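Residues or ranges marked as domain 'Orotidine 5'-phosphate decarboxylase' by TrEMBL: 7-232. Annotated substrate binding site per TrEMBL: Asp13, Lys35, 62-71, Thr126, Arg187, Gln196, 216-217, in sequence order. TrEMBL lists Asp62, Lys64, Asp67 with the feature active site, for OMPdecase activity. Annotation comment: TrEMBL describes Lys64 as active site, proton donor.
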Amino acid sequence: MEEYFKKVIIALDTNEEKKAIEIVRLLKNRVGIFKVGLELFTGAGPSIVRRINEEGCRVFLDLKFHDIPNTVYGAVKQAARLGAFLLNVHASGGRKMMEWAKKAVEEVFESDSEKRPKILAVTVLTSLDVEDLREMNVEKSPRQQVLSLAKMAKEAGLDGVVASPEEVREIKEVLGRDFLVVAPGVRPAFAAALDQKRVMKPLDAIQAGADYIVIGRPVTAAEDPLVALEKIFD
Ligand SMILES: O=C(O)c1cc(=O)[nH]c(=O)n1[C@@H]1O[C@H](COP(=O)(O)O)[C@@H](O)[C@H]1O
(Lines of atoms letter the chains of each structure in order from A and count residues from 1; the text may use other names and numbers.)
(Lines give C-alpha, C1' and ligand atoms only; values in the text may rest on other atoms or scores of the structure.)
Protein backbone atom coordinates (compact mmCIF):
# COMPACT_ATOMS: atom_id res chain seq x y z
CA MET A 1 0.00 0.00 0.00
CA GLU A 2 2.73 2.43 1.09
CA GLU A 3 4.32 1.83 -2.28
CA TYR A 4 1.13 3.05 -4.04
CA PHE A 5 0.97 6.28 -2.00
CA LYS A 6 4.36 7.27 -3.40
CA LYS A 7 3.10 6.89 -6.94
CA VAL A 8 0.15 9.26 -6.67
CA ILE A 9 0.42 12.89 -7.73
CA ILE A 10 -2.55 15.10 -6.89
CA ALA A 11 -3.28 17.87 -9.43
CA LEU A 12 -4.12 21.11 -7.62
CA ASP A 13 -6.22 22.70 -10.35
CA THR A 14 -7.56 25.77 -8.56
CA ASN A 15 -6.65 29.44 -8.90
CA GLU A 16 -6.45 30.05 -5.16
CA GLU A 17 -3.37 29.50 -3.05
CA LYS A 18 -5.50 29.11 0.10
CA LYS A 19 -7.58 26.30 -1.40
CA ALA A 20 -4.47 24.58 -2.77
CA ILE A 21 -2.71 24.63 0.60
CA GLU A 22 -5.86 23.33 2.32
CA ILE A 23 -5.84 20.32 0.00
CA VAL A 24 -2.12 19.79 0.53
CA ARG A 25 -2.60 19.80 4.32
CA LEU A 26 -5.54 17.44 4.08
CA LEU A 27 -3.80 14.89 1.85
CA LYS A 28 -0.11 15.20 2.58
CA ASN A 29 0.04 12.21 4.88
CA ARG A 30 -1.27 10.04 2.05
CA VAL A 31 0.59 11.41 -1.00
CA GLY A 32 3.96 13.04 -1.38
CA ILE A 33 3.72 14.97 -4.64
CA PHE A 34 1.35 17.75 -5.67
CA LYS A 35 1.03 19.18 -9.16
CA VAL A 36 1.03 22.92 -9.78
CA GLY A 37 -0.39 23.53 -13.24
CA LEU A 38 -1.16 26.54 -15.36
CA GLU A 39 -4.23 27.67 -13.41
CA LEU A 40 -2.64 27.62 -9.95
CA PHE A 41 0.70 29.00 -11.13
CA THR A 42 -1.01 31.87 -12.92
CA GLY A 43 -3.41 32.53 -10.04
CA ALA A 44 -1.08 32.18 -7.07
CA GLY A 45 2.33 33.00 -8.59
CA PRO A 46 5.68 31.18 -8.44
CA SER A 47 5.85 31.30 -4.60
CA ILE A 48 3.23 28.53 -4.48
CA VAL A 49 6.02 26.02 -5.22
CA ARG A 50 7.95 27.09 -2.11
CA ARG A 51 4.75 27.08 -0.02
CA ILE A 52 4.08 23.45 -0.93
CA ASN A 53 7.71 22.53 -0.27
CA GLU A 54 7.35 24.13 3.17
CA GLU A 55 4.52 21.67 3.85
CA GLY A 56 7.11 18.93 3.35
CA CYS A 57 5.83 17.91 -0.10
CA ARG A 58 7.40 17.66 -3.52
CA VAL A 59 6.07 19.56 -6.53
CA PHE A 60 5.45 18.59 -10.13
CA LEU A 61 5.59 21.99 -11.85
CA ASP A 62 3.43 21.40 -14.90
CA LEU A 63 3.91 24.47 -17.09
CA LYS A 64 4.17 22.51 -20.37
CA PHE A 65 6.60 24.88 -22.04
CA HIS A 66 6.37 24.93 -25.84
CA ASP A 67 8.29 27.66 -27.69
CA ILE A 68 11.50 28.22 -29.63
CA PRO A 69 14.55 26.58 -28.00
CA ASN A 70 16.02 29.83 -26.66
CA THR A 71 12.77 30.91 -24.97
CA VAL A 72 12.21 27.49 -23.42
CA TYR A 73 15.84 27.41 -22.26
CA GLY A 74 15.31 30.69 -20.37
CA ALA A 75 11.93 29.69 -18.95
CA VAL A 76 13.18 26.27 -17.78
CA LYS A 77 16.11 27.96 -16.00
CA GLN A 78 13.67 30.11 -14.02
CA ALA A 79 11.30 27.20 -13.31
CA ALA A 80 14.17 24.96 -12.19
CA ARG A 81 15.17 27.49 -9.52
CA LEU A 82 11.72 27.38 -7.87
CA GLY A 83 12.25 24.05 -6.14
CA ALA A 84 10.23 21.57 -8.20
CA PHE A 85 10.91 17.84 -8.25
CA LEU A 86 9.43 17.38 -11.76
CA LEU A 87 9.15 19.86 -14.66
CA ASN A 88 7.71 19.44 -18.14
CA VAL A 89 7.86 20.75 -21.70
CA HIS A 90 5.87 19.69 -24.79
CA ALA A 91 7.68 17.08 -26.92
CA SER A 92 6.04 18.59 -30.00
CA GLY A 93 8.29 21.64 -29.51
CA GLY A 94 10.92 19.44 -31.15
CA ARG A 95 14.24 17.80 -30.45
CA LYS A 96 16.31 20.95 -30.17
CA MET A 97 13.82 22.58 -27.80
CA MET A 98 14.02 19.52 -25.53
CA GLU A 99 17.84 19.47 -25.70
CA TRP A 100 17.94 23.11 -24.64
CA ALA A 101 15.49 22.44 -21.79
CA LYS A 102 17.80 19.71 -20.52
CA LYS A 103 20.82 21.99 -20.87
CA ALA A 104 18.99 24.65 -18.81
CA VAL A 105 18.38 22.38 -15.80
CA GLU A 106 21.91 21.01 -15.98
CA GLU A 107 23.39 24.48 -15.93
CA VAL A 108 21.30 25.57 -12.93
CA PHE A 109 22.29 22.46 -10.95
CA GLU A 110 25.84 22.10 -12.23
CA SER A 111 27.34 21.81 -8.76
CA ASP A 112 24.49 19.83 -7.18
CA SER A 113 23.06 17.38 -9.68
CA GLU A 114 21.22 15.47 -6.91
CA LYS A 115 18.85 18.41 -6.54
CA ARG A 116 18.21 18.78 -10.27
CA PRO A 117 14.49 18.50 -11.12
CA LYS A 118 13.63 15.68 -13.46
CA ILE A 119 12.48 16.96 -16.79
CA LEU A 120 9.66 15.30 -18.72
CA ALA A 121 8.15 15.69 -22.19
CA VAL A 122 4.38 15.75 -22.63
CA THR A 123 3.68 13.46 -25.60
CA VAL A 124 0.04 13.41 -26.79
CA LEU A 125 -2.40 15.02 -24.35
CA THR A 126 -4.73 12.52 -22.70
CA SER A 127 -7.68 14.63 -23.86
CA LEU A 128 -6.96 13.71 -27.51
CA ASP A 129 -8.00 10.60 -29.43
CA VAL A 130 -7.35 9.34 -32.95
CA GLU A 131 -10.01 11.65 -34.44
CA ASP A 132 -8.48 14.71 -32.82
CA LEU A 133 -5.07 13.77 -34.24
CA ARG A 134 -6.56 13.30 -37.75
CA GLU A 135 -8.07 16.76 -37.53
CA MET A 136 -4.54 18.05 -36.96
CA ASN A 137 -3.27 16.00 -39.94
CA VAL A 138 -1.50 13.50 -37.70
CA GLU A 139 -2.18 10.16 -39.38
CA LYS A 140 -0.55 8.05 -36.70
CA SER A 141 -2.58 6.57 -33.85
CA PRO A 142 -2.11 8.19 -30.42
CA ARG A 143 -0.07 5.13 -29.41
CA GLN A 144 2.31 5.43 -32.39
CA GLN A 145 2.62 9.17 -31.98
CA VAL A 146 3.32 8.88 -28.24
CA LEU A 147 6.00 6.30 -28.88
CA SER A 148 7.80 8.32 -31.54
CA LEU A 149 7.73 11.49 -29.39
CA ALA A 150 8.91 9.50 -26.37
CA LYS A 151 11.88 8.12 -28.37
CA MET A 152 12.82 11.64 -29.39
CA ALA A 153 12.53 12.83 -25.78
CA LYS A 154 14.85 10.08 -24.64
CA GLU A 155 17.37 10.87 -27.39
CA ALA A 156 17.22 14.54 -26.34
CA GLY A 157 18.32 13.47 -22.85
CA LEU A 158 15.07 14.02 -20.94
CA ASP A 159 14.28 11.91 -17.88
CA GLY A 160 10.90 10.68 -19.06
CA VAL A 161 7.51 11.51 -20.52
CA VAL A 162 3.91 12.29 -19.67
CA ALA A 163 1.61 9.88 -21.51
CA SER A 164 -1.74 8.19 -20.99
CA PRO A 165 -1.83 4.93 -19.03
CA GLU A 166 -2.71 3.17 -22.31
CA GLU A 167 0.81 3.73 -23.64
CA VAL A 168 2.83 3.07 -20.49
CA ARG A 169 3.58 -0.60 -21.04
CA GLU A 170 4.92 -0.10 -24.55
CA ILE A 171 7.04 2.94 -23.61
CA LYS A 172 8.68 0.92 -20.83
CA GLU A 173 9.24 -2.07 -23.14
CA VAL A 174 10.84 0.01 -25.87
CA LEU A 175 12.66 2.70 -23.90
CA GLY A 176 13.53 0.86 -20.71
CA ARG A 177 12.38 0.76 -17.12
CA ASP A 178 14.46 3.75 -16.04
CA PHE A 179 12.80 6.13 -18.47
CA LEU A 180 10.09 7.72 -16.30
CA VAL A 181 6.45 7.61 -17.30
CA VAL A 182 3.99 9.91 -15.54
CA ALA A 183 0.38 9.09 -16.41
CA PRO A 184 -2.58 11.45 -16.11
CA GLY A 185 -5.93 10.39 -17.57
CA VAL A 186 -6.61 8.28 -14.52
CA ARG A 187 -10.19 7.58 -13.54
CA PRO A 188 -11.40 5.47 -10.63
CA ALA A 189 -14.66 3.59 -11.27
CA PHE A 190 -16.71 6.24 -9.42
CA ALA A 191 -15.50 9.18 -11.54
CA ALA A 192 -16.56 10.45 -14.98
CA ALA A 193 -13.99 10.82 -17.76
CA LEU A 194 -15.08 14.46 -18.40
CA ASP A 195 -12.67 16.01 -20.96
CA GLN A 196 -10.20 13.09 -20.78
CA LYS A 197 -10.30 10.53 -23.61
CA ARG A 198 -7.45 8.06 -23.06
CA VAL A 199 -8.15 6.89 -19.53
CA MET A 200 -7.59 3.92 -17.23
CA LYS A 201 -8.30 3.00 -13.65
CA PRO A 202 -5.56 3.89 -11.12
CA LEU A 203 -4.48 0.35 -10.27
CA ASP A 204 -4.41 -0.67 -13.96
CA ALA A 205 -2.20 2.35 -14.73
CA ILE A 206 0.24 1.41 -11.95
CA GLN A 207 0.25 -2.25 -12.98
CA ALA A 208 1.00 -1.18 -16.55
CA GLY A 209 4.23 0.27 -15.14
CA ALA A 210 3.54 3.98 -14.55
CA ASP A 211 6.10 5.50 -12.19
CA TYR A 212 3.53 8.08 -11.13
CA ILE A 213 -0.18 8.60 -11.80
CA VAL A 214 -1.77 12.06 -11.79
CA ILE A 215 -5.25 12.41 -10.32
CA GLY A 216 -7.11 15.71 -10.18
CA ARG A 217 -10.86 16.25 -10.13
CA PRO A 218 -11.89 12.76 -8.93
CA VAL A 219 -10.21 13.76 -5.66
CA THR A 220 -10.07 17.56 -5.53
CA ALA A 221 -13.66 18.16 -6.71
CA ALA A 222 -15.08 15.54 -4.34
CA GLU A 223 -17.10 16.72 -1.37
CA ASP A 224 -14.39 15.26 0.86
CA PRO A 225 -11.08 14.84 -1.03
CA LEU A 226 -9.61 12.61 1.69
CA VAL A 227 -12.57 10.21 1.52
CA ALA A 228 -12.27 10.11 -2.29
CA LEU A 229 -8.55 9.38 -2.04
CA GLU A 230 -9.10 6.61 0.51
CA LYS A 231 -11.73 5.10 -1.79
CA ILE A 232 -9.15 4.99 -4.57
CA PHE A 233 -6.55 3.34 -2.32
CA ASP A 234 -9.17 0.78 -1.18
O1 LIG B 1 1.04 17.23 -18.06
C2 LIG B 1 0.03 16.88 -17.44
O3 LIG B 1 0.05 16.80 -16.22
C4 LIG B 1 -1.15 16.45 -18.21
C5 LIG B 1 -0.89 15.91 -19.46
C6 LIG B 1 -1.91 15.28 -20.17
O7 LIG B 1 -1.70 14.74 -21.26
N8 LIG B 1 -3.14 15.23 -19.61
C9 LIG B 1 -3.44 15.78 -18.39
O10 LIG B 1 -4.59 15.66 -17.95
N11 LIG B 1 -2.45 16.44 -17.70
C12 LIG B 1 -2.78 17.12 -16.42
O13 LIG B 1 -3.23 16.14 -15.46
C14 LIG B 1 -4.31 16.63 -14.70
C15 LIG B 1 -5.49 15.69 -14.83
O16 LIG B 1 -6.55 16.16 -14.06
P17 LIG B 1 -7.94 15.39 -13.95
O18 LIG B 1 -8.45 15.15 -15.34
O19 LIG B 1 -8.80 16.34 -13.17
O20 LIG B 1 -7.65 14.10 -13.21
C21 LIG B 1 -4.61 18.05 -15.18
O22 LIG B 1 -4.02 18.95 -14.26
C23 LIG B 1 -3.92 18.15 -16.53
O24 LIG B 1 -3.39 19.43 -16.76
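Each Cβ is built from the backbone N, Cα and C atoms, and glycine gets one as well.
Asp62 (active site, for OMPdecase activity) and Asp13 (substrate binding site) are 11 Å apart (CA-CA, integer value).
Counting in whole angstrom, Asp62 (active site, for OMPdecase activity) lies 18 from Pro69 (substrate binding site) by their C-alpha atoms. Following the DSSP three-state reduction, the secondary structure of Asp62 (active site, for OMPdecase activity) is strand. The secondary structure of Pro69 (substrate binding site), as reduced to three states from DSSP, is helical. Checking the recorded positions Asp13, Asp62, His66, Asp67, Pro69 against ligand 1, the ones with a C-beta less than 6 Å from an atom of that molecule are Asp13, Asp62.
With a cut-off of 8 Å between CB atoms and residues at least 6 apart in sequence, the same chain places Ile10, Ala11, Asp13, Lys35, Pro184 near Gly216 (substrate binding site), listed in sequence order. Spatially close to Lys64 (active site, for OMPdecase activity) yet at least six residues away along the chain are Leu38, Asn88, Val89, His90, Val122, judged by Cβ distances under 8 angstroms. For the domain 'Orotidine 5'-phosphate decarboxylase' (7-232), the mean pLDDT of the prediction comes to 97.
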